[in-house]
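J.: First the structure, which I've put down as structure tokens, then a few questions once you've had a look.
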């Protein structure tokens, strides 16, 4: 692991003093402090949630979702549920409509018909920042970080979604705003540790290695305190070792009380982490069930060109939905 | 390259330096004294006076330039109506003066503390009025276009239209003649730098502008709202998907730009007391826009640097070539800089980079 590099020469995006202090203090910790710190980190990342009692309830309901772009039907009357506390895999061949489904869930597109409801609340006509506040966050198939910001700042942008101070309060730097700012930096730092990239917190996002960038996207999405985390091909471009580490991280995220929907081509990752699978093909749902059932489903096997599911294109290229 | 025709075989850079070389130009000047001077002696004599005066003017350009640059960073829109927001600020200052009972032409007979208080009040009024006007302009002129996903050209022509509309409304209300001169604080030399007098006004303007710049810079680079501004500037789609309220970011950007223009309006009217006129924003607006482009549009520090360089350079040019050449020097400087650095001196970025 390399030392955090403090990029003091950058002109417009220096690390705020508070962050530097924080990084210093993390470097100079002994083992006991470290253990205590780690406990604090996990408490901060995963605050007590209500999922234990509510696990298994429907969190997100996709209901008769249809999306047409001109003459092209990207999604055709798709219906499925996401249960609280599970990892749901959304799979299918290229162009099946998986990313389109994500784009509807996060407000990028509006559905032609049907609805998506989070805890009964319709997301279909909601503004994007409202959807984040309602509790759906995502990562992107093609990484979309704020490249000129540091890793830490990227995550802090995510925490801003939960800030309560009003604009005048922020302009006047009222005590509450200052406290929220401090908490945001601490929480962001804890999230970077959680996803395992805290050593590069002060680096610009573009300067991070590819795998770190993918993990940073996850940290930024978690910073918005989502009820539902949507991961769009998080393992794309990863080596086998990196994929294993990622699977571990996704399971850890689920165990911390988040609900996860994952779009992924790599079947080893999919079968390794998901509790349930929904399979799309040409915009229609063709299967919905436990991974073991789904992989034996004839419709699914034929959708993947007649091959066994295990032989499906691992980490296949970009999906255009 | 215009100069290339005269010396086709010389490389570009040498052509420029040759054209500006006094040794080459001086014989030319002998025959054409009527329209251009080349008074190196005057340039040297007035060097420090010009520098200080240029910095004071440049600070005003810089404050207005920040408004262009902020809006450009967030919306990639050149808000041509920003010069009229500045004029609204100028009238805010002027009408506050009138409201406080100051008469055009008469020197106020008040203790210094009262005058400073009155100036502060006028400044606050101008900042509030200009800030609100900028937010209102955004609501009325630009937001409806955004709602309908209008092409960028529609924004540009709307900006120009809004600029004229505000100008004409001011003309209808206040007439087309410049308002009377109200000078609260006559300039008096405070100290000298290398023999050049520095007035109290110049000190106040330079220091206050730099202080306002630092506040604006810290706001954008350190605060939560600034983080939202930078996130939208870098990638609006991702920013909204991460919970940034883009409409609010845009509103705050216009507000900050307007407030800075209001402060610039106070300094402007302190320097040029006869400056309250409906079309008084045109040249200053163009200069401030030039300053923003010179420093690198979208870049806050570029706006400051561009403003100061422009202010100083045009003062030098005025001494060197004569008073009529002041504006020419400013715009030729812009052309020269853009020829060699198309993104401006510091480059284009309100935290914008190719991610």
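Using N, Cα and C of the backbone, Cβ positions are placed for all residues, glycine too.
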J.: Transmembrane segment per TrEMBL: which of the ranges B:190-215, B:216-241 is that?
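T.: TrEMBL lists transmembrane segment for residues B:190-215.
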J.: If TrEMBL is the reference, give me the range from B:114-137, B:282-305 marked as transmembrane segment.
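T.: Going through B:114-137, B:282-305 one by one, TrEMBL gives transmembrane segment for B:114-137.
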J.: Any contact between the transmembrane segment (B:85-102) and the transmembrane segment (B:328-347), i.e. 3 or more CB pairs below 8 Å with pairs at least 6 residues apart?
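T.: They do not touch: fewer than three Cβ pairs between the two stretches lie under 8 Å.
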J.: Can you see whether the transmembrane segment (B:190-215) and the transmembrane segment (B:328-347) are touching - at least 3 CB pairs under 8 angstroms, only pairs 6 or more apart in sequence?
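T.: Contact absent: fewer than 3 Cβ pairs fall under 8 Å.
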J.: What parts of the chain pack near the transmembrane segment (B:55-78), using Cβ distances under 8 Å and only residues at least 6 beyond its ends?
T.: 85-86, 134, 142, 152, 155-156, 159, 201-202, 205-206, 208-210, 212-213, 216, 220, 229, 232-233, 249-250, 253-254, 256-258, 260-261, 263-264, 267-268, 271, 284-285, 287-289, 291-292, 295, 297-300, 302-304, 306-312, 314-315, 349-352
